[in-house]
Amino acid sequence: MTVYHFVGIKGTGMSALAQVLHDMNYTVQGSDVEKRFFTQKALEERGIPILPFNKENIKPGYTVIAGNAFPETHEEIQAAHELGVPVIRYHRFLGEFLQKFTSIAVTGSHGKTSTTGLLAHVMQGVHPTSYLIGDGTGKGIEGSKYFVFEACEYRRHFLSYFPDYAIMTNIDFDHPDYFANIDDVFSAFQEMALQVKKGIIACGDDEYLQKIQAKVPVLFYGFGDDNDFQARNVVKTTEGTAFDVFVRNTFFASFEIPHFGDHNVLNALAVIALCHYEEMDVRIIQERLKTFQGVKRRFSEKVLGNQILIDDYAHHPREIIATIDAARQKYPGREIVAIFQPHTYTRTQTFLREFAESLQQADQVYLCDIFGSAREHHGKLSIHDLQAQIPNSRLIQEDNTSILKQHENAVLIFMGAGDIQKFQEAYERTVHS
């Protein structure tokens, strides 16, 4: 049997896929940069070897799974070609692998990871379910009927997938380094919809998803009256959220989730709709929804003295608003402090005004330098351009996080898709020192 070698194994999708294959008794190893990433822990716990990049890592008989960030000129990929070792890109491999299961893709501009995690958690209460989540978490169960996975629209990678079902959470303009505009994003989702084989669960409150055409049934969920699955009588507390679900205007059941904000109600509705479609027991759905702990880097909380620290992946204006809203629901009356690290120059440039507006939902804003992606290390603008748009905002460096101590009893939200965790870790050290 072949050895699967992952080039860039610390990537979130790559790490999760490596875990899935390992759990299903395939032989797995991988290589990456030396820098430590939060995705490593699960790999290390499974004993999956993580090697430094070196062309000597590639041996005859291997199969190379290559991360999308690595060009054909990468030394390991070149070595594979020279040895006649097959090289398969991550999304292509996953697309072929899915065919062994009843597959459920979770896609959308926002909410993919949380919804994938929630769906996997609920379905595991009913059926053996393998899953791949974009927070670097994966689990493979031999003999599982279902495979739940996160499908990313970036560079249209999700067009490698032909799933049985798809959940579509929303369509929004993001990834401006690739997509030209919202119509370009919509066209990608429309193409994806035509590849789904059994059914689509889509948010009917989203104006773009309402226009989706498909060859299979489309069930809509949301708060609006026109949806097939509608949330009504929403009750928000500091413990979570409760709501009733009506299916085509007929009461179905009541549900509780230990999460906050309208976006989490919508995520739960999507899961309820899919499980209902697959005729799963409503009592199990209710119980599983109550016990979901969330996914990595999505409203991850920690108590530090009198302060609450929240780590969140929010890197788009709409996500920032959702995260701040959730914090206000759980911690009413507390000062909300946003510490934000913009992710990529192109996104910051494109949404400069929207970032300023969304961040001003917080009581105080601190800004970190822009985090450039692997594909872009500098841009025409700097963090000062965003600061100029936000009255009373301040810049923060990794070595001066102690200024956050002045916000006693506050909720500090560290947001971003780069390495914003470094700032939280630095702050925790100043408090403990």
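From the backbone N, Cα and C atoms, a Cβ is placed for every residue, glycine too.
If you look up Swiss-Prot, you'll see G108, S109, H110, G111, K112, T113, S114 marked as ATP binding site, on the strength of sequence analysis.
Comparing the binding-site residues S109, S114 on other C-beta atoms within 10 angstroms of each C-beta gives the minimum for S109.
For H110 (ATP binding site), the number of other Cβ atoms no farther than 10 Å from its own Cβ, over all displayed protein chains, is 21.
Within its own chain, G108 (ATP binding site) has T115, E153, I167, M168, T169, N170, I171, C203 as residues 6 or more apart in sequence whose C-beta sits under 8 angstroms from its own. For T113 (ATP binding site), the same-chain residues that are 6 or more apart in sequence and have a Cβ closer than 8 Å to its Cβ are I133, G134, D135, E150, V295, R298, Y313. Using a 10 Å Cβ-Cβ cutoff, G111 (ATP binding site) registers 24 neighbours. In the structure as shown, the Cβ atom of K112 (ATP binding site) sits within 10 Å of 25 other Cβ atoms. Compute the center of the Cβ atoms of G108, S109, H110, G111, K112, T113, S114, which mark the site for ATP; besides them, the chain residues with Cβ within 8 Å of that center are V106, T115, T169, N170, N267. H110 (ATP binding site) falls within neither a helix nor a strand when secondary structure is assigned with DSSP, and so counts as coil.
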